[in-house]
Amino acid sequence: MQWLKSFQICKVLQGFSLSPTQLHRRLFSRVGAPRWNDHDSPEEFNFASDVLDYWAQMEEEGKRGPSPAFWWVNGQGDEIKWSFRKLRDLTCRTANVFEQICGLQQGDHLALILPRVPEWWLVTVGCMRTGIIFMPGTTQLKAKDILYRIQISRAKAIVTTASLVPEVESVASECPDLKTKLVVSDHSHEGWLDFCSLIKSASPDHTCIKSKMKDPMAIFFTSGTTGYPKMAKHNQGLAFRSYIPSCRKLLKLKTSDILWCMSDPGWILATVGCLIEPWTSGCTVFIHHLPQFDPKVIVEVLFKYPITQCLAAPGVYRMVLQQKTSNLRFPTLEHCTTGGESLLPEEYEQWKQRTGLSIHEVYGQSETGISSATLREMKIKRGSIGKAILPFDLQIIDEKGNILPPNTEGYIGIRIKPTRPLGLFMEYENSPESTSEVECGDFYNSGDRATIDEEGYIWFLGRGDDVINASGYRIGPVEVENALAEHPAVAESAVVSSPDKDRGEVVKAFIVLNPEFLSHDQEQLIKELQHHVKSVTAPYKYPRKVEFVSELPKTVTGKIKRKELRNKEFGQL
């Protein structure tokens with residue numbers, strides 16, 4: 001590994017003086033490692049050369065098994081298997097395309113909007129090799145979303161799929177910085193470069209840049225639940241963090257593992273869970289190109305392929321449980337992880353009963369990556385997002401950054417002083433005011449409300465501005481939404497605060513009904529739902545107001561925009 005070779009003696013673990021070889025071995029095997037931060041990390045690091053190329057070398061030396069590094073399938077019978085050596089070749093070609101054909105250089109911004117196709121991985125690592133800052137986005141983006149992202153970031157290039165070419169073309173004239181447009185497509189498009197053709201003719205010889213640990217690597221747009229999406233800029237520490245032995249306990253991946261992470265490529269979880277985490281461990285990334293999630297296909301895939309770990313949104317597990325198949329004992333699956341929201345307690349139990357496996361919950365943001373989790377060896381507390389993952393010192397704080405005692409509601413904070421931890425975003429690009437707003441004393445204030453118990457388990461309540469103060473009671477919307485989700489009439493719901501002349505605020509639920517309940521008497525159904533909530537949770541949490549809607553406002557990443565609903569209630573729209 002390049003940066004290791006430049007150090008004859010590295011003193012990075014307290015009490016140890018390590019040669020490069022010893023350090024590498026300790027990085028990949030030590031379990032009880034102390035905290036790492038910017039002071040004891042290497043000065044230079046690049047995921048492409050120090051991780052992917054390392055495993056390519058291990059393959060050449062016969063020190064890694066025959067399993068592919070990348071295994072991609074779709075529903076039409078197509079299959080791709082790439083070794084780390086093949087990935088090295090293809091990503092070097094990609095880097096040459098960016099530098100020699102597109103004229104891009106270190107520090108330039110590239111918008112990456114692709115579905116789950118192999119080229120997404122090539123572009124991402126190609127950007128790492130060149131120092132180009134990649135900015136992933138979901139293919140659900142519309143023209144106005146793309147315009148906003150390109151303009152605010154001053155992106156010089158975009159790589160996207162054929163279906164989004166018209167969307168980009170409709171706004172390209174308003175993006176003076178956008179010089180290069182590359183498309184992943186089977187057909188040519190006027191004014192666009194054919195990405196696949198270019199990498200076929202490009203040279204596989206490329207010298208990776210020597211990036212500093214603090215050099216920018218990626219920008220992830222926030223979900224926009226509280227306004228326009230902000231640009232959370234991350235440096236190389238986001239990738240290096242996966243080296244930290246304590247961080248490697250998250251999934252405990254081995255080179256023999258096959259990980260299926262179902263995250264949308266536009267989210268930070270895809271960069272971490274579909275690329276950084278598995279390839280740091282030298283294991284296989286498995287991808288099924290699902291344009292839309294089909295629970296039947298998911299079940300079939302888990303039976304057909306030797307997948308050992310699964311990382312998916314709660315809705316995926318919920319949909320699988322709804323399948324009528326009697327057998328969900330997947331032959332090779334060993335570990336399941338979820339995040340984004342909580343499953344109901346009975347859903348956790350059903351999954352355990354039907355698969356024999358527990359579901360471990362993780363929590364994170366665009367700014368943090370995964371910051372807390374229920375690790376494999378930890379006791380599972382249903383509804384908890386687990387404990388903080390090193391190097392994050394996660395505490396519950398008040399508005400001034402004071403640490404609150406256990407079981408006291410506050411904000412999830414991550415300590416940033418005296419040292420900003422690896423993996424935490426650098427800043428909100430082009431928005432120093434927004435960056436300052438989330439710095440709270442010695443902590444980064446996530447804006448998410450939670451409590452922490454005596455054992456260090458964190459209990460998520462919701463966004464800070466989502467918490468409802470009704471008649472002196474503070475109510476987290478997630479609690480009420482989970483209660484409503486247990487009723488068969490409710491397809492999905494969003495709970496917000498609504499003004500009330502007598503109580504100041506009351507709980508209001510916006511509910512999308514399942515089709516079979518659309519013809520029911522609405523007044524009677526409201527009473528039934530209110531009674532149901534009272535029966536399954538504290539009665540003061542029940543929604544005094546209920547409105548049935550056909551759909552809920554959501555961000556492009558699928559998060560409910562409660563702020564929009566709340567503003568409507570208080571007449572701010």
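From the backbone N, Cα and C atoms, a Cβ is placed for every residue, glycine too.
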Where Swiss-Prot places N6-acetyllysine when the choices are Lys210, Lys554, Lys561: Lys210
Where Swiss-Prot places N6-acetyllysine when the choices are Lys230, Lys379, Lys527, Lys568: Lys527
From Lys156, Lys179, Lys254, Lys541, the one Swiss-Prot labels N6-succinyllysine: Lys179
Annotated N6-succinyllysine residue, as Swiss-Prot has it, among Lys252, Lys400, Lys534: Lys534
Between Thr222 (ATP binding site) and Lys352 (N6-succinyllysine): CA-CA distance (Å): 33
C-beta crowding around Arg463 (ATP binding site), within 10 angstroms: 20
Residue among recorded positions Lys200, Lys230, Lys534, Lys545 with least C-beta crowding, 10 angstrom cut-off: Lys200
Nearest of the modified residues (Lys142, Lys200, Lys387, Lys501, Lys545) to Lys233 (N6-succinyllysine), judged by Cα-Cα distance: Lys142
Distance [Cα-Cα, Å, rounded] between Lys200 (N6-acetyllysine) and Thr222 (ATP binding site): 34
Residue, out of the modified residues Lys142, Lys233, whose Cβ gathers the largest set of other Cβ atoms within 10 Å: Lys233
Secondary-structure category, per DSSP, in which Lys545 (N6-acetyllysine) falls: strand
